[in-house]
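Reading through the structure tokens given below for one structure.
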């Protein structure tokens, strides 16, 4: 009898779908000093996470030196997935990646906020539905 009850419970469990929303893009013509400002970039990523209704776990950043390849990378781990900014100040260029899992978060609002703070002369934005179907 116990076994039958266990089977009944297993059959009534509803699987939660995997919702994946990925927004990413390239920013051109960004101020070089801003792209080198590790502290400000960290702050922008943290603010973007809150705006997008994400739950921040940890933020790490790195400064890379090496001529025309120098830059800053900021990566925020959020419960829902991640936000990343990678910069190339010499080229006035940055890439932004915002990926979330779940219905409640809005990666596009995080991307738009980052763009508003970096003020590129132009940018591209891409969206990919990475949900399990």
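Quick reminder: no glycine exception, Cβ is built from N, Cα and C everywhere.
Sequence-distant neighbours of residue 81 (pyruvic acid (Ser)) (same chain, 6+ residues apart, CB-CB distance under 8 A): 20, 99, 100, 101. For 81, the entry in Swiss-Prot reads pyruvic acid (Ser).
Per Swiss-Prot, active site, schiff-base intermediate with substrate is recorded for 81. Classification of residue 81 (pyruvic acid (Ser)) by DSSP places it within a strand.
Residues or ranges marked as active site, proton acceptor by Swiss-Prot: 86. Close to residue 86 (active site, proton acceptor) in the fold, though at least 6 residues off in sequence, lie 71, 72, 73, 94, 95, each with a CB less than 8 Å from its CB.
According to DSSP, residue 101 (active site, proton donor) sits within a strand segment. Positions annotated as active site, proton donor by Swiss-Prot, on the basis of sequence analysis: 101.
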For residue 101 (active site, proton donor), the number of other Cβ atoms found within 10 Å of its own Cβ
17
